Amino acid sequence: MKNTYRASNISGFNWWGTVIGFILSTSNRFYIGWFGIFMFPLTGLAIIAYVAAFILAPPVDIDGIREPVAGSLLYGNNIISGAVIPSSNAIGVHFYPEWESATLLEWLYNGGTYQFVVLHFIGGVSSWMGREWEFSFRLGMRPWIYLAFSAPLVAATAVFVFYPIGQGSFSDGMPLGVSGTFNFMLVFQAEHNILMHPFHILGVAGVFGGSLFSAMHGSLVTSSLLAETSGDVSLNVGYNFGQEDETYSISAAHGYFGRLIFQYASFNNSRSLHFFLAAWPVIGIWFTALGVSTMAFNLNGLNFNQSIIDSNGHLINSWADLVNRANLGIEVMHERNTHHYPLDLGL
């Protein structure tokens, strides 16, 4: 049953009651809600600032050594190489709004735009998740929609907020661009060896497994639609929006898949099936976010990066050794100054 908030519920019926009724009404074509009051301005400011910085921003002194890096289209980048450059290492993790700098140019030079975009974006996306919960609550629905959306939210928060805080500087955050994303991935691998971490492995299983399961489910449903029309008419014509009857035969899909693999590999309960489809990728991404958040503080005890030694103390070459050597190479190339050595090579 709809839990609709109407202006008539407010005594006196004044203009404020009309506004509240409009915000909380579930009859609107586009639901706003209390969280929407925060979501729209925060997300809008983040988008406007990102587009402006991607096109126009001057170079940013990301390393804090007076060697600014250009990321905008105006300074010669393209769609692939362009990015919003993270805040300067000289700023660290300090909150750096525009009024903390002497001039706007100084704020831009120190990468204040990055903090502006990231913090407004995280706030806007968090408000979106809260809006999902609020809308579900007012419609009398279960809260699983917002819970599923928490996976990409915690992943973004881990990369843009937790990791820079743990490393001591927003300059370690992920640049907001295509090539910047890959650069962040390579540096993260070099410094933390995330590919050999079990939480990352669970995340990969969640994402790729979720894609596989969704494709399997969609193909099984599409292949077992109940025909309500003649052979020369599309099956879609026989479907009426909101109909109570099922549109496909889950028993046929269950029987097909059970014989294709084995009986217990398929679901005979639609609710269990769809819960599994939602839970698998969400839990995997949760673990990835947890792995990034722990590595942010250099807590890496679960990593499988130890060399294999036999009983005589001789090294048995393994894939872990190859990855470790590759990590050292990436880390050396990442350091742009010869007087800055990677921690692993420092004596």
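One-based numbering along the chain as shown.
Cβ from N, Cα, C; glycine included.
Cβ neighbour count for His120 (chlorophyll a ChlzD1 binding site): 20 (other Cβ atoms within 10 Å of its Cβ, all protein chains included). In this structure, His120 (chlorophyll a ChlzD1 binding site) is part of a helix by DSSP. Residues annotated as chlorophyll a ChlzD1 binding site in Swiss-Prot, with sequence analysis given as evidence: His120.
If you look up Swiss-Prot, you'll see Asp172, Glu191, His334, Glu335, Asp344 marked as [CaMn4O5] cluster binding site, on the strength of sequence analysis. Asp172 ([CaMn4O5] cluster binding site) has a Cβ environment of 21 other Cβ atoms inside 10 Å. Reduced to three states, the DSSP call for Asp172 ([CaMn4O5] cluster binding site) is helix.
Annotated chlorophyll a PD1 binding site per Swiss-Prot: His200, in sequence order, evidence recorded as sequence analysis. Classification of His200 (chlorophyll a PD1 binding site) by DSSP places it within a helix. Taking the Cβ of His200 (chlorophyll a PD1 binding site) as centre and 10 Å as the limit, one finds 22 other Cβ atoms among all the protein chains shown.
Sequence-distant contacts of His217 (Fe cation binding site), defined by Cβ-Cβ distance under 8 angstroms and a gap of at least six in the same chain, are Leu273, Leu277. Per Swiss-Prot, the feature Fe cation binding site maps to His217, His274.
According to Swiss-Prot, the feature quinone binding site maps to His217, Ser266, Phe267. Of all the Cβ atoms in the protein chains shown, 19 others lie within 10 Å of the Cβ of Ser266 (quinone binding site).
Residues annotated as site 'Tyrosine radical intermediate' in Swiss-Prot, with sequence analysis given as evidence: Tyr163. Secondary structure at Tyr163 (site 'Tyrosine radical intermediate'), taken from DSSP and collapsed to helix, strand or coil, is helix. The Cβ neighbour count for Tyr163 (site 'Tyrosine radical intermediate'), using a 10 Å radius and every protein chain shown, is 22.
Annotation source Swiss-Prot lists transmembrane segment at 31-48 (among others). Listed by sequence, the residues of this chain that lie at least six past the ends of the transmembrane segment (31-48) yet keep a Cβ under 8 A from its Cβ atoms are 22-25, 116-117, 120-121, 123-125, 127-128, 130-131, 133-135, 138.
Listed as Cβ neighbours of the transmembrane segment (120-135) (distance under 8 Å, sequence separation of 6 or more from its ends, same chain) are residues 26, 31, 33-36, 38-39, 42-46, 49-50, 143, 145-146, 149-150, 153, 156-157, 160-161. Annotation source Swiss-Prot lists transmembrane segment at 120-135 (among others).
The transmembrane segment feature in Swiss-Prot is assigned to 144-158 (among others).
Summarising the annotation, Swiss-Prot assigns transmembrane segment to 199-220 (among others) and lists sequence analysis as the type of evidence.
According to Swiss-Prot, the transmembrane segment annotation covers 276-290 (among others), on the basis of sequence analysis. Only residues 6 or more beyond the boundaries of the transmembrane segment (276-290), in the same chain, are considered here, and those with a CB under 8 A from a CB of the stretch are 144, 147-148, 150-152, 154-155, 157-158, 199-200, 202-207, 209-210, 213-214, 217, 267.
Of the listed binding-site residues, namely Glu191, Phe267, His274, the sparsest Cβ surroundings within 10 Å are found at His274.
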